[in-house]
């Protein structure tokens with residue numbers, strides 16, 4: 001138990017059995033997506049008529065509950081969050097929650113050019129934009145959409161809107177974009193962003209594609225160190241990326257390598273799906289249902305108790321090395 005003076009009461013901290021503390025929540029607001037990325041939803045999003053996604057009030061209650069437990073950063077994910085018409089209201093609700101210091105969002109950038117200012121004004125301060133290729137034809141091959149130019153224009157719009165923390169997510173894909181590293185590095189010379197190169201991860205529906213396209217990030221790390229890039233220290237709410245900088249580049253490189261040794265040692269995030277399930281790991285269990293405790297503000301104590309009890313079941317590590325990707329069918333199902 002801890003007693004921060006600003007609360008004036010006993011304050012429970014999210015800590016698991018391996019002394020890892022959790023200050024970061026990834027909150028999915030929808031499973032729907034308008035892209036057909038080869039590594040996630042190659043056949044497009046197929047709606048399940050039985051599902052309804054968390055309402056703004058339910059989002060307010062779950063964020064408040066986690067904030068009281070010490071969460072400081074919320075990342076809105078999907079699917080594609082901008083598919084929600086009430087996204088500005090969601091952003092504003094999260095940003096106005098006491099204790100939340102940073103609101104971020106991961107997006108495919110489809111609506112970024114037109115909505116960046118609106119999102120910034122609502123309280124969003126950090127963006128991750130998925131760009132898996134700088135070649136328009138290859139981008140369309142990977143995502144199913146010929147939208148690279150518009151998304152790059154969206155990055156410019158985001159910078160003009162006031163965003164100072166912009167990252168670009170690029171999934172490393174053997175035989176699809178693994179030859180583009182030099183092009184990305186050239187782009188970073190004058191782009192004040194962080195390029196996050198992410199190893200393709202195995203999920204239930206992606207076994208064959210994983211075997212065909214998985215590319216280790218270790219050769220990239222070796223090249224960066226050889227070319228004078230230096231690794232940076234991690235902050236409390238940072239993700240799992242190994243971040244590198246270079247004096248000749250305005251941008252940075254972040255490597256996310258879930259198959260590397262000790263990847264889970266510094267885990268600092270939990271996930272809540274768009275239907276209100278707490279997921280302890282991207283590659284874990286069925287999830288702990290929370291939605292029944294998001295129907296009234298008076299349920300907050302019971303909600304927090306269920307979260308804390310669920311956390312006792314968090315495993316020390318994933319088992320991807322053994323081919324065990326858990327029950328996650330695809331990354332859109334729990335927010336990646």
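Every residue, even glycine, has its Cβ placed from backbone N, Cα and C.
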Problem - Per Swiss-Prot, 26, 75, 167, 269, 270, 271 bind GTP; matching candidate in 97, 106, 107, 143 - result: 106
Practice task
Select one of 40, 281: the residue that Swiss-Prot places in the [4Fe-4S] cluster 2 site alongside 264, 267.
Solution key: 281
Practice task
Going by Swiss-Prot, 79, 130, 201 bind S-adenosyl-L-methionine; tell me which of 39, 249 is listed for that site too.
Solution key: 39
Handout entry: Spatial neighbours of residue 79 (S-adenosyl-L-methionine binding site), counting only the binding-site residues 26, 33, 37, 264, 269 and Cα distances within 10 Å
Key = 33
Completion exercise
In chain order, residues whose C-beta lies under 8 angstroms from the C-beta of residue 270 (GTP binding site), counting only those at least six residues away in the same chain, are 14, 22, 24, 25, 26, 66, 278, 279, 280, 311
Practice task
Name the secondary structure element type, per DSSP in three states, that contains residue 79 (S-adenosyl-L-methionine binding site).
Solution key: coil
